[in-house]
Amino acid sequence: MLYPDTVESEVLVHKPWFVVSIFAVVLALCLISNLTGTAMGELMRPVIGDPLQSGFYGRFAIALFIAVSFCLNVVLIGFAPLKVQIAVVWLETLLLFIAFSTTFNLSLPFIWEKLPFLITQGLVTTIYISAISIFFASLIAIVAAVAKLSNNGFAYAIASFYTSFFRGMPLLMQVYLIYLGLPQLGFLIDAVPAGVLALSLCVGAYMTEIFRSGILSIDRGQWEASRSMGFGFSLTMRKIILPQALPIIIPPMGNMFIAMLKDSSLVSAIGVWELTFLARTLGQSTFNHMEMLITAAVIYWLMSICLELIQSRIERHFARSKAR
Amino acid sequence: MIADKIIEAKDVSKWYGTFRVLTDINLTVGKGERIVICGPSGSGKSTLIRCFNRLEAHQEGEIIVNGIRLHNRMRNVAEVRKHVGMVFQQFNLFPHMTVLMNCMVGPMWIKGVPEAAARKTALRFLERVRIPEQANKYPVRLSGGQQQRVAIARSLCMEPAVMLFDEPTSSLDPEMVAEVLETMTSLARDGMTMVCVTHEMGFARAVADRVLFMDSGRIVEEGKPQDFFTNPRHERTKLFLSQILSH
Ligand SMILES: Nc1ncnc2c1ncn2[C@@H]1O[C@H](COP(=O)(O)OP(=O)(O)OP(=O)(O)O)[C@@H](O)[C@H]1O
Ligand SMILES: [Mg+2]
């Protein structure tokens, strides 16, 4: 939360100028985009007659209807308590998304039919590739972060070359380089290990920077206190510095995890049967592309929501020692 | 006689780049001695006492602490630090541990003391600084004075041969200064060897065996408190004392 002042400010959505201006904006937008041909037009048939014949009158009536209901909605939500506001706005946005996807005339039976396979094969593969990659990426990151902070020239050079190289190249290239390049050197590598390796190295490079800045954000005094008690480097790092850096790096790490979950879709390029690969191939034969793509998108989204929830739990856990 | 010297500094000099922070420092601290170091800001007081547990490196001269010579290539610096407690101006408690854990980890991790014994020692010293009831709180919940007393207890748990204090009361409110000074005074009464950087002249008068005055990296004047405060020999000391005692 931002810093809340003790004086309640006026509710923005109840200020006449604000309501009038969003009203005008929504009205104008709806007028510009002719909605008579859409579901909205059908909805308004009792008022405007045949939507396609209604001309400017129909167009204006639809725009006015949308603008009025939008403003009414906004003003009413303004009266509700915070939690209700959040819930209502979430719900409405979600409904809009669902309304949007119904415009594709999705075939639900097809989705139901393919969903089990999409989950048991695609989702499971995505999750385990991501989980293994996150594990290795974290290991690489912590070592590289310490190396980058050390005054050992060799370690610094290797670590900074590594981060520069892997942050500087598209992940897709890395996937190809590893999958197609390693066999040239005599290492035969399967698609899944190649994908995991590419993801670990790439995400590890980003995480290195997160760890490094986390470690740097800890006050010098903590090092001094720890060293002055006789703790060695490794003990200080493990027991004093990292535990304090952890709460600081959790939000960017959560970000990283979510990004990586979705970046794992890039290994579909080398034929790993994960979520994106299946979403693209399952719908192909029957031209049900949209069904599979939207389903996969929702599955990715649900997984990300899980990660967000986990992140906020961890954040709450760490808030303990900070609370006054 | 040697065994009675806890800290011995001979012709110690230190540079930051080309800037000479310490110049030919000579100082011996005997067992049970209480030394107070004062001087204007930037005179090198912190730097000097931080050299005594090797948080800073000196470039010239010799520092021997508890019989061990400090130098660049030493491998047993932990052995020295184990016996030298340090209290900082900013407390530097470990914020992710409870007060009790703050006091237990030193003995447990460095000396291999079992947890139960470490807890007993920690509680004993928390009682010694009179805050046993805060043992299970996190440091942020404590007032500055309480935090500083925990920091003192944390150092005491290691049973150090000497305690170094770097302006332990400078960041505290006046009434908290009193409680911390009281703790330090009682430590001194129990015969703890102490080197304190402080501007609390009342404390210096009451407990110090010797008062050192530093300016521009040199020890300008050194003497028993009564001589030091009543008839300082150097102009610089007089000026400093008149400034600090005028209000
Ligand atoms: N890491 C550093 N690099 C360069 N110069 C430094 C560094 N640390 C301290 N100095 C300089 O060394 C001098 C002595 O610093 P020191 O902290 O020992 O002073 P002090 O007597 O403790 O002062 P104060 O009363 O303000 O704490 C100062 O002039 C300071 O600017
Ligand atoms: Mg200082």
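A Cβ is built for glycine as well, from the same backbone N, Cα and C atoms used for every other residue.
Taken from TrEMBL as is:
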TRANSMEM  A:17-36  transmembrane segment
TRANSMEM  A:56-79  transmembrane segment
TRANSMEM  A:86-107  transmembrane segment
DOMAIN    A:123-311  domain 'ABC transmembrane type-1'
TRANSMEM  A:127-147  transmembrane segment
TRANSMEM  A:154-179  transmembrane segment
TRANSMEM  A:185-208  transmembrane segment
TRANSMEM  A:292-310  transmembrane segment
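Where the transmembrane segment (A:154-179) meets the stretches A:17-36, A:127-147, A:185-208, A:292-310, the count of C-beta pairs under 8 angstroms peaks at A:185-208. Against the transmembrane segment (A:127-147), stretch A:185-208 shows more Cβ pairs under 8 Å than any other of A:56-79, A:86-107, A:185-208, A:292-310. Counting residues 6+ beyond its ends, the transmembrane segment (A:56-79) has Cβ neighbours under 8 Å at 11-14, 19, 22-23, 26-27, 30-31, 34-36, 40-41, 44, 47-49, 85, 88-89, 92 in the same chain.
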